[in-house]
Structures are given as C-alpha cells and as structure tokens.
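Q: Grabbed the feature section from TrEMBL, which reads as follows:
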TRANSMEM  20-40  transmembrane segment
TRANSMEM  52-75  transmembrane segment
DOMAIN    96-182  domain 'Palmitoyltransferase DHHC'
TRANSMEM  145-166  transmembrane segment
TRANSMEM  178-199  transmembrane segment
Amino acid sequence: MILRPLERAFLPRSAGDGACFLLIAVCVPLTYMFQVTVIMPELHDVGSFWYTAVWLAGIFLVFNITSNMLACMLVDTSIKLHILKPPVDSHLLSRWHMCDACQTLVPPRSWHCEICNVCVLKRDHHCRFTCCCIGHHNYRYFFYFLLYMGLGALYVSINASIYLWYLHADYYWRPYTLLTVFVPALSLTVHASWENFYVRGAVMKERSTSKYDLGLRANMEMVLGKRMHLTWISPFVRSDLPHDGVNWEPATKEE
C-alpha cells in the first residue's frame, strides 16, 4: 500500500471538492455531539445499559466513517508510483491503451481523471466528498465509508424521530416547524446507488459489460481483500487484495 503525501491528500482539487469535504467533516461530529448531549439523555438514563450500548454504537459508527474516509483519501491508487511494465505478449499488450494526457501507456481498466490530472488503476469515479478518485487500492475504504454513513444516517433518524415526533410532538408537528426541518434536509440529500459497488466486477466505464465478472464472492474479495470477513471492524485491519490492479484478464469472452 502506498500513501499519498499529506499536502496532496488533504488539498481539495476544486471548490466543489472542498465544499463536499467540509460538509462531512463538520456535520458528522456536530451531529454526534447533538445526539449525545441533547437526544440520548432524554431517551435513556445516563449510565444505564442502553445508554452505554447506544453510545458505544455511535462511537463505532463515527470512528469507521471518519477513519475509512481518511484512508480513502490517503491511499494512492494512481499509476504514478507504479513501475508499469507492459507485457511482451501481443495479445495482452493489445488491452493496454495510450493516455493522451499522461503520454503514457496504461493498463486495462485504468482511466484518466481530469480533476486529479492522473491515471488511476481500475478507476471508478472521482468522489467529491473524499477529494480523490476511487480505484483499485482505495475502493474498500470508500465502500465502508458509504456503508457506515448509511448506518449512521439510520441511527440518527431513529433516535431523532423518537425525540421529534414522540417526546416533543406537541412542538414539532406544527406546520412551520415541519417546513424548517424538512426543507434543509431535502436540499442536502445526495443520490446514492448500490450500482457504485462491484456487483458485476465492473467500474463506471464498464457498466455495459460483464467481462470482468468473477462471481459475487470473488468480486467482493477483489474489493475488500482476502480477509474481507474482518474488514468491517476497522480500516486498520490488513486485508491484501488478490490482484495488483495492473494486469487484467477478462473472466468472460469479450463482447
């Protein structure tokens, strides 16, 4: 695993990247603090079993959201730090292509990012929230970042719903209050799709083909690594990928 220099990892490439990163960096800790200081004391007795259990669950979610996000930003998945050796076999070499921007012969499934200005191994897309491209080496962390963000949103929604619509329904069911609550929430909604996960072993530019589909388990291992059953615990759990991200062979006959 190769890490990007800190100045490159945390310096937004565009204003959009910076705004999206700040949205997560500010909202996640503030939301958790609001849960702990305002909502949870009204739902559970401080120091009780359920208070402690919910508090620990929140800590686990915040830890995995932030640590997987940072790991996604720090892990370099570009071709710059790789010594690329095009294969001698003409059949394999035909899968490589020339990147006009980098003026370099790059492996199959590698694509150039105009924002990062570099080719990325098995590039899927550029993520505004992590200010970097999602590719072969950091997709595991991106996947868990999304997973725990979704679980965190569910966690907050359940607690906040009880607080708003049950404990304080007399205030929050007023039309004006409903408007002030839901309009900002709708404006911050971000579309998410399970298509961003490698259910067919494909990246964004390969959605119309299944030639790299290895089956669900093998596709998951290609993203999460050989110890994928442990990777949900923390991004610090080592799980080596079964592929170098360079020399790809189609699993099925090319269309």
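First residue shown is number 1, and so on along the chain.
Glycine is no exception: its Cβ is also placed from the backbone N, Cα and C atoms.
Tell me about the surroundings of these features in the structure.
A: Counted with DSSP, the domain 'Palmitoyltransferase DHHC' (96-182) comes out as 41 helix, 18 strand, 28 coil.
Listed as Cβ neighbours of the transmembrane segment (145-166) (distance under 8 Å, sequence separation of 6 or more from its ends, same chain) are residues 28, 31, 35, 38-40, 42-43, 54, 57-58, 61-62, 64-65, 68-69, 72, 130, 172-173, 181, 192, 196, 232.
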